[in-house]
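The transmembrane segment annotation in TrEMBL covers 31-53, 65-83, 95-117, 123-140, 152-175, 181-201, 258-279, 299-319.
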Amino acid sequence: MKREKSLTTFANTNVQDAGSSSTNLKRNLTLLNVVALLVSITGHVAVFITPGLVVDMSGSVTSTVVFWLVGSFLVYSLALCYTELGTIFQNAGGPYLYITVIFGHFYGFLVVWGYIILISGPFIAFASQTAALYIAKAILDSSCNSYWHKILVTLIACWILLGLSFMNCYCLKVVVLLQNALTACKMFAIGIIIASGVYVLSTRSTENFSAPTEGSHVDPGRISMALTYVIFSNGGWQAVTTLTEEVKSPARTLPRGIHVTFAIISVLFLMTYLSYMVVLDKTVVIHSKAVALTFCEHVWAPLVPVMSILVALACVGALNTGIMGHSRCCMAL
């Protein structure tokens, strides 16, 4: 109890010294909202696009499961440590605030500069472009690659980005409700893949599970790369710590949100990987540029445009969470 009070006193004193923004944000985010934000941005849409990287470096079904569990546990442990800072420094700003309080304004500025230039900007561009590409795939011929197709994708990406930016400036409550719906779309897409995998597994045999350890790699380089890809596939959760000032009872809500999110993500993502391996040959998973769409083509072709839209909406959800979090980092300056 004394330790908690001393940490709180230290945090409050140093946040004031750091010159944190005087704007007080309303605490509107509940545990459900925090979980929705975390589930949406954790891993972004990597589970739908690039699981072949993990499978390629792992070499077998068994190795993929082991590396996924180990990598997920590492990220979960890191998230708990990082969230501890959020429970101590209960203001907006995330990494900028933590570094500024501990090391001073100069190092805090370097962190937020790198965050905006190297992380926030590229992520926003990538997420909006990816969402636009998947929307275009759902409404246009997938083989179309003309000049006007590229213009359409760019316009859709701009429309998505400007629309989300406007809503984030206008009304947080609307944004939170929208985020809940977008997270539900991501869960629905994962549910379709898992249900299809279970159905196929119950109706026919699969080569990948006849020898689950065949092809396992023991090379340290491949093992490290497999873990790196798993960690990347669980990335993005850091954004929620920039929203600490808007979370109700953050000392209780943030750790619970991390527990619930990683329980959901670890299990569902692993089941999604296994579903891919049930339906698709290992080489197909490795070489496919959009595994979720390839999966739907093999299960039931009419699902492809539906999955394209769901993946696009999941990407919009990750983008929305990113805009919410990254803007709070700038506000804390």
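Each residue, glycine too, has its Cβ placed from N, Cα and C.
Counting Cβ pairs closer than 8 Å and at least 6 residues apart in sequence, the transmembrane segment (152-175) and the transmembrane segment (181-201) reach fewer than three and form no contact. Residues of the same chain lying 6 or more positions beyond the ends of the transmembrane segment (65-83) and with a Cβ under 8 Å from any Cβ of it are 54, 57-58, 223, 226-227, 229-231, 233-235, 237-238, 241, 254-255, 258, 262, 265-266, 269-270, 273-274.
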